[in-house]
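Feature annotations, courtesy of TrEMBL:
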type     : residues : note
SIGNAL   : 1-33     : signal peptide
DOMAIN   : 116-163  : domain 'LysM'
DOMAIN   : 182-225  : domain 'LysM'
COMPBIAS : 333-342  : compositional bias 'Pro residues'
REGION   : 333-372  : region 'Disordered'
TRANSMEM : 406-426  : transmembrane segment
Amino acid sequence: MAARALNSAHRALNSFLFIVLASFLFNIAFISAKSTIEPCSNADSCNALLGYTLYTDLKVSEVASLFQVDPISILTANAIDVSYPDVENHILPSKLFIKIPISCSCVDGIRKSVSTRYKTRPSDTLLSIADTIYAGLVSSDQIREANSISDPSVLDVGQTLVVPLPCTCFNGTDNSLPAIYLSYVVQVEDTLTGIAVRYSTTITDLMNVNAMGNPSIKAGDILAVPLSACASKFPRYSSDFGLIVPNGSYAITASHCVQCSCGPGNRNLYCMPAPFAVSCSSMQCRNSNLMLGNYTAQQSSAGCNVTSCSYGGFVNGTILTMLSSNLQPRCPGPQQFPPLKAPPTTVIRDSNFAPAPSPQSDGTGSPAPRSGLIPSSIGSLPGFPPASGPVGTGFSSPSSSSSSSLANPLGSILAALMLFIVAYFLTSLSL
């Protein structure tokens, strides 16, 4: 009798452990990321971009509040003219596609942004927050996991939620050239060709970056898209160390005192006083009459002698300037500046390659700029790059197929463990 009771208790304990472990592993296996995963092992961060579609009419300041970023950085990220009166209160139209600059950190061994906080409202659900308010950049399961929510059907009004957002650094390079990465949510009519054309890259590069086995994509996938950029060489002790600006766009730095641009068609970062600079430290180079961004050129038989006053970073509230002289083969032409746009008031539909916006349009009727960023530091990537590109592990959301042919390694391990537990459980029942 005692042996039978012990055996019964043993089976009951096995049943309990099976249910607990299976439930735990099931939950972990299905809380998968929607985007490319970049492993990391240090605490540094980098600048990154989110491709965001407005779910309703919002002021620039309201969009900034939604992501906890500087409103000016959103304007410069989209090449919008910041000199317009009261531009931070300009109302952006619903369904407008814009780029949001964020800081990409290393959290729990992978790259993600965890600086965004959202305060819940009476009508909110995890699904509406994920799919509507944050336009599919995050899943409801990811929000639930990040906030340890046991019952997703119960949200307290005014509850502050961490919203984990996708991002990648890849050392701030793409094929050994400076780049910034955009997290782009694939739309229904999107093709990989259209996305490549729109962002001036190639299908091969997109597939390498996102570790894709084939060019097939589906709505809801999130792709890491490399944007060609100009990289700074500021000292590590400057607050804007690692500043990188996508080609054809601007960035504002040094407490809104300095404006840096990456002119169309080149990778040379050019910095000058910002148009609205006030209460700024001196921007004149020592031992010269040149101001930041100025240069002199003198033609000679040996070439062109160029003396320039350039920006060297922002340190302890001081704008560093550097005076340099060098001999160049020919004198430089006028500086090319990325074109600025008026704050958008309408969304123009064009369906050449993508639904809204198309590869040629960012929703404002103008050619899509590359976007500018606020400064941060550049991250690092362990591992080996495929086909001379950065390595990423592609995952898809539960509601869509993966943008990569690679299987989720964590899911495979968990599935094997679950099968082992099932086998062990069945064996124990037969005893």
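Cβ atoms here come from the backbone N, Cα and C positions, even for glycine.
Counting residue by residue with DSSP, the compositional bias 'Pro residues' (333-342) contains 0 helix, 1 strand, 9 coil. As a summary of secondary structure, the domain 'LysM' (182-225) carries 14 helix, 8 strand, 22 coil according to DSSP. In terms of DSSP secondary structure, the domain 'LysM' (116-163) contains 15 helix, 6 strand, 27 coil. Mean per-residue pLDDT, taken over the domain 'LysM' (182-225), amounts to 96.
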